[in-house]
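Undergrad: Pulled from TrEMBL, these are the listed features:
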DOMAIN    10-98  domain 'Purple acid phosphatase Fn3-like'
DOMAIN    105-223  domain 'Purple acid phosphatase N-terminal'
DOMAIN    235-450  domain 'Calcineurin-like phosphoesterase'
DOMAIN    476-534  domain 'Purple acid phosphatase C-terminal'
């Protein structure tokens, strides 16, 4: 045994730890703090000094949990940590039996209520194997249907920023094109159409090889969505900003989502008690370290394989300077939305424009893309107004708006410092639309905590009621549900009059529609799954039609 200061064991796939970048060839650590001084970032690592504790006994052990990421794994022992690495030893490669096998299924509702999509990852290009999903009604006795899948991928060149050259031993720019790049494999999406409302279906993803044999994924079941307007029990989960974490205790880059496993595990535990999930932005916080997308899709697969997992775009998926987004910041690490737009399906007309609507029974969800301009006169503003105005409130009384950045209200400390309690230019163009079309609840993430407002219009509470709302709703309830798992955000010390409930903790929200007249809202903590805030709405169709300030167009008497 030899004592090595700052020793770590790094998991790498494929083996590209060598060469270790020489002086001047790696990103400037003062410019990119926390980035590894290696030509490629390891998938994860543990400090042997502490984890293995070999310094005292002369031997030690570290356990790593590996997921299938389409390549063999190697383990490297490095002295000097990631800041001044010296390669000591490299293990033999560890292989999965079939690293190309299909994994991590992700359901999503299609553009119509009778369509469910399934997306998955594999190592098979379309020229190697024929991707498909086999599906049918559970216990029907009929022959299953095989539906072909489309295949997509993306290259290093599709990432934002300056390219680099190994031959010149020069690395410049952000991690997505440099130290964080990793081949994403192939992403397949199949569409299961003509579903019977509320029927239980089974499905199994697969790839047919040239010799006729099939490489299968696991078999799963899902329940088809209800018909728009259907009067039945409907339960919906909404949260943002979850991220991912390693169950084996390893470190990884962009490693600041300590509550993500709690939220994931609580949702897995409660699978039978909800129907669809909306994750409103900031998914894995990969920030340009692309191996973390596999980590995230694997972590949420127990949920997404059985429930539609609808996503929105956040700053950590999309934002990069001069990339056509609304915010000129580097939060995506150079991803520019490419992994998010490829890894997950969402029913947008243009996948580069991350806005879409979902009709789920008595609900309509209008999901906006806060990373693109939403102000009056823009294409997104036109979409938002069309989504809000075309819903049939007699049959779909519960109208929900969702976006990532806080376009409504938040008493988060940095919004309070700006004096607006919102993302600058957030609600100015949208609040009249929300009011005119009588949005019930507007959800936002980005701020890593929970907060609920009174029913509001133009910063004023329209009622003194806090928990049981009935009759005509004169304003919109705004909810920040950004406590999915990332590091928590602080509030301003002075509590605004419109702030009904605040909680600086990890959690998620749940909507339960019992019928066309009764809605229950709940906020649950990820630590115990218990309800810490709730309210109800009880009303009839006439209450939705009732005019309130700025909600009805001018009228006149008939002659």
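Including glycine, each Cβ sits where the backbone N, Cα and C put it.
These figures come from a predicted structure and were not determined experimentally.
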Undergrad: So, by DSSP, how many helix, strand and coil residues make up the domain 'Purple acid phosphatase N-terminal' (105-223)?
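TA: In the domain 'Purple acid phosphatase N-terminal' (105-223), the DSSP-based counts are 3 helix, 60 strand, 56 coil.
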Undergrad: Within the domain 'Purple acid phosphatase C-terminal' (476-534), count helix residues (DSSP H, G, I), strand residues (E, B) and coil residues, in that order.
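TA: Summed by class, the stretch gives 0 helix, 31 strand, 28 coil.
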Undergrad: Pop the mean pLDDT for the domain 'Purple acid phosphatase C-terminal' (476-534) in here, whole number is fine.
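TA: Value for the domain 'Purple acid phosphatase C-terminal' (476-534), mean pLDDT as a whole number: 97.
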